[in-house]
């Protein structure tokens, strides 16, 4: 926490004096040199960007210090920047000595400033050394190269490297290692390899730091194959746990957990003791691969080696178990953690609450929610959001609304996730008007609705055939620069199709591609269904073919609307062909689809084929729906009536 300048000054006369000096220097620096000889002196000794860099945050900037107004000096991060100010005063004293101190003395001072992360300041100071006539050495060049690399300007670092070579300075390990690290961080792995080759040509034998830097660079780009090849080449250099852990971490990120486990086994067999980071990487990888039991075994192995797992390791395991619906098992870790002297934090509890909500054990979730506050873990907005989401998904919206009110009492501001969750819950129980009230309240509180908020309301409005209101919300999204996604467009297309506005629906369908979005299987299905239901079968058929050509695989619902379209238009043979094609593609039919085909055949008096599909229906474990059964009974009655009529006619004629 940053101290208040006035409060700090009260308690520390020394700091007060230094602060006043800093403020005085700042004021003087604002005077033009022509008006004040002292300002002229300061301008000549300390370059203007150096003082500017005292401003808060400039020392952590990713660019060289900009020229901001010094009137904002009150915003200085006091502790860090007053320490910097002391170093600048020391630099000033050095600059006035006669003879000037050696470059080594200046470099010691510069190194201290580098450790404060004031990289741009150091660069400005080195430039001032040139003006003062202090001769540089390779160590000074290395400092500047390091600063440029930290500022993500390795290109400038390479320029400084070239300048050092032109001046006749021999690079050392630090020069090459720093530049290789900078190039790897910049993603320029090819250039890093070229510099590595140049290092070899210069007669340097790379050390373990060089190899580690290259391996780290390869891993950051996901290139574990080359990283392992290089690891094999340097085995005699005794690569340590850091290099192995780096590769293991990347293998796990790439979901190559089996390879990661083999590498883990290899390092332990070589006598390299894994550390907490190694275990955590593997545990995260195993959990991501849905292998939490193996992760638990790793935890046991970790404890057996007397390596203390940190809180993050426990949280990773708990999260993985909860995602698999094993909240009860993950709950056991709480007692285990406490037994090992590790207190659960808010994240631990939030994860468990979410786990219980996932398996609809809301009683357990609420109990844990109440319990965490008794253990010194304050609720945060995530705690409330997780529990509210659980209640809303279970359609217990009143409980969710109660928690929303409780948040205000606890001085916890709801965020866009909170409001969107409540809106979704209200929409689930068809309380659309209440959802719109919450939406407007959210806007009034200064929260900007996101694409999920808008899409939820638009979808519900469309399902209630309030399409004009949905379109108004869609326009509001555009006005507020919230980009609609595929789900938003699908809801609009489906809603317009259901109210018979096919041309308008098609316009929105086409606009989807214009915005750089790809229609989903649901979007295609909605539009195809709209065409087929409105006697525009040719357009539906054309879009179905286009869908397949675009690589979007139809699902059972797509086949159903298309087959329904054929059946409604009396094209039962086409419906039958598409059904066969669907089965060949591996898409399994559902009850709705088969019932539709039966209805189509019955309406075309294709009784034999209809009966065949009745058999298919039963073979798949489905039953006739009410409409199909009524149709079938009607046809049976007609057949019986026709049969009895024929018999009666024959008897009469005899």
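Glycine too: its Cβ is placed from the backbone N, Cα and C atoms.
Among the features that TrEMBL reports, repeat 'PPR' is placed at 137-171 (among others). When Cβ-Cβ distances below 8 Å are used as the criterion, the repeat 'PPR' (137-171) is approached by residues 61-64, 103-104, 106-107, 110-111, 114, 117, 119-120, 122-123, 126, 129, 178-179, 181-183, 185-186, 188, 202 of the same chain, each at least six residues removed from its ends.
Panel annotation: around the repeat 'PPR' (172-206), residues 138-139, 141-142, 145-146, 148-149, 152, 154, 157-158, 161, 164, 213-214, 216-218, 220-221, 223 of the same chain, lying at least six beyond its termini, place a Cβ under 8 Å from a Cβ of the stretch. Feature annotation from TrEMBL assigns repeat 'PPR' to 172-206 (among others).
Per TrEMBL, the feature repeat 'PPR' maps to 207-237 (among others). Each residue in the repeat 'PPR' (207-237) has a pLDDT score, and their mean in this model is 85.
If you look up TrEMBL, you'll see 240-274 (among others) marked as repeat 'PPR'. Mapped onto DSSP classes, the repeat 'PPR' (240-274) shows 26 helix, 0 strand, 9 coil.
According to TrEMBL, the repeat 'PPR' annotation covers 275-309 (among others). Proximity of distant same-chain residues to the repeat 'PPR' (275-309), defined by a Cβ-Cβ separation under 8 Å and at least 6 residues beyond the stretch ends, is recorded for 241, 244-245, 248-249, 251-253, 255, 257, 260-261, 264, 267, 316-317, 319-321, 323-324, 326, 340, 342.
Within the chain carrying the repeat 'PPR' (310-344), a Cβ under 8 angstroms from the stretch's Cβ atoms is held by residues 276, 279-280, 283-284, 286-288, 290, 292, 295-296, 299, 302-303, 351-352, 354-356, 358-359, 361, 364, 368, 375-377, all 6 or more beyond its ends. The repeat 'PPR' feature in TrEMBL is assigned to 310-344 (among others).
Within the chain, the repeat 'PPR' (345-379) has long-range Cβ neighbours (under 8 A, six or more residues past its boundaries) at 311, 314-315, 318-319, 321-323, 325-327, 330-331, 334, 337, 386-387, 389-391, 393-394, 396, 399, 410, 412. Here TrEMBL flags 345-379 (among others) as repeat 'PPR'.
Residues or ranges marked as repeat 'PPR' by TrEMBL: 380-414 (among others). Within the chain, the repeat 'PPR' (380-414) has long-range Cβ neighbours (under 8 A, six or more residues past its boundaries) at 346, 349-350, 353-354, 356-357, 360, 362, 365-366, 369, 372, 421-422, 424-426, 428-429, 431, 445, 447.
The repeat 'PPR' feature in TrEMBL is assigned to 415-449 (among others). Remark: secondary structure over the repeat 'PPR' (415-449) totals 26 helix, 0 strand, 9 coil, with classes taken from DSSP.
According to TrEMBL, the feature repeat 'PPR' maps to 450-484 (among others). When the repeat 'PPR' (450-484) is classified with DSSP, helix, strand and coil residues number 26 helix, 0 strand, 9 coil.
Feature annotation from TrEMBL assigns repeat 'PPR' to 485-519 (among others). With helix defined as DSSP H, G or I and strand as E or B, the repeat 'PPR' (485-519) counts 26 helix, 0 strand, 9 coil.
Within the same chain, residues 486-487, 489-490, 493-494, 496-498, 500, 502, 505-506, 509, 512, 561-562, 564-566, 568-569, 571, 582, 585, 587 sit at least 6 positions outside the repeat 'PPR' (520-554) and bring their C-beta atoms closer than 8 Å to a C-beta of that stretch. Residues or ranges marked as repeat 'PPR' in TrEMBL: 520-554 (among others).
Residues 416, 419-420, 423-424, 427, 432, 435-436, 439, 442, 491-492, 494-496, 498-499, 501, 515 of the same chain sit 6 or more residues outside the repeat 'PPR' (450-484) yet have a Cβ under 8 Å from a Cβ within it.
The DSSP breakdown of the repeat 'PPR' (137-171), given as helix, strand and coil counts, is 26 helix, 0 strand, 9 coil. In the repeat 'PPR' (380-414), the DSSP tally of helix, strand and coil residues is 26 helix, 0 strand, 9 coil. Helix first, then strand, then coil: DSSP counts for the repeat 'PPR' (172-206) stand at 26 helix, 0 strand, 9 coil. Non-local neighbours of the repeat 'PPR' (415-449) in the same chain are 381, 384-385, 388-389, 391-393, 395, 397, 400-401, 404, 407, 456-457, 459-461, 464, 466, 480, 482; each lies 6+ residues outside the stretch with a CB under 8 Å from one of its CB atoms.
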